[in-house]
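Undergrad: Sharing the feature lines straight out of TrEMBL:
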BINDING   72, 76, 79  [4Fe-4S] cluster binding site
BINDING   78, 187  S-adenosyl-L-methionine binding site
DOMAIN    58-298  domain 'Radical SAM core'
């Protein structure tokens, strides 16, 4: 599939040569890949890079998600998760006991969690001390459970509420036991488009700065891009280039997650050319182009909750090397219309990976490998 003559016929000779020799792609290269008529040719280049990095390993994590509230001061037009007030229909705000109950439920299963993923809305009154207590409570319950929590947007919100710097917020949360941060809230960085979809959220400069501050403290983070809404290919490539530039500076991004916009229950309405069956191909192309552009970020996740349990495994052939994990309960994507299950078992995840032609590898929150062979759980 990596035949030089074929890529020459597609007008991608220089890109083909750069990929094979490990050279960095330019903004213009990224646009050319998005406009290439053969998505499988783009996917083959991404697969080459993916296999160079990880062989045929496909990673997953045994994790539990906890969304602590959907009450949020940010009026993002795309968000179906958000509620204005706690007494609004569909609103929720967990107590510390609620968080612990959910953790006990997860801990009572035979999964043996390797990651706890905690995110939520930017609650208007809940103080930073509450979140410090939450992390300490979790760590007291299970000292060996890595806590991955709070997006850069949440960190910026805590900073404004408390009147302290974002760096001080990060230091306090790290002292409480935070070991990693998820990458949400990046959305699309473009300064003209961002106010149309998330007018009150931390801007691109703040998001990237806070990520860099976390990296300076030794807190690894993920990074994301929300796509398939009002953005253009140029916006996507600009976003990827900014992430790549930040990674050159601070080096703490572990995994990139492209997140397809889900339309159900959203106030943001799409033009007709952004809906329909072509969205699946666009998702695969976006995974592939992201893998090719982000040469300095080691992992790329096909988030099965958002992509679906059929398309996400296919993305392993388009540059992705991770499917996320068991999850157990997820609210943000499902309130926006995700049709996937709430969670998967280890056996189901490993079966999906093997059926796709890859070798399942269990990892923890920071992508340290926990097993590189068949797990006993999956053979039961």
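Any Cβ shown, glycine's included, is placed from N, Cα and C.
TrEMBL: automatically predicted annotations, no manual curation.
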Undergrad: Looking at the domain 'Radical SAM core' (58-298) alone, can you tell me the average pLDDT?
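TA: Averaged over the domain 'Radical SAM core' (58-298), the predicted model reaches a pLDDT of 91.
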Undergrad: Tell me, how many other CB atoms lie within 10 A of the CB of residue 79 ([4Fe-4S] cluster binding site), whichever protein chain they belong to?
TA: 23
Undergrad: Among the binding-site residues 72, 76, 78, 187, point out the residue whose Cβ has the most other Cβ atoms within 10 Å, with all shown protein chains included in the count.
TA: 187
Undergrad: Take the C-alpha atoms of residue 79 ([4Fe-4S] cluster binding site) and residue 187 (S-adenosyl-L-methionine binding site) and report the distance between them in angstrom, rounded.
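TA: Cα-Cα, rounded: 11 Å.
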Undergrad: Excluding 72, 76, 79, please set out which residues of the same chain place their CB within 8 Å of the center of the CB atoms of the [4Fe-4S] cluster site, keeping sequence order.
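TA: Leaving out the recorded residues gives 74, 75, 78, 81, 82, 121, 198, 201.
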Undergrad: Measure from the CA atom of residue 72 ([4Fe-4S] cluster binding site) to the CA atom of residue 78 (S-adenosyl-L-methionine binding site) and give the result in Å, rounded to a whole number.
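TA: Residue 78 (S-adenosyl-L-methionine binding site) to residue 72 ([4Fe-4S] cluster binding site), Cα-Cα distance: 13 Å.
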Undergrad: For the C-alpha pair, I'd like the distance in angstrom between residue 72 ([4Fe-4S] cluster binding site) and residue 187 (S-adenosyl-L-methionine binding site), rounded off.
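TA: Cα-Cα distance, residue 72 ([4Fe-4S] cluster binding site) to residue 187 (S-adenosyl-L-methionine binding site): 16 Å.
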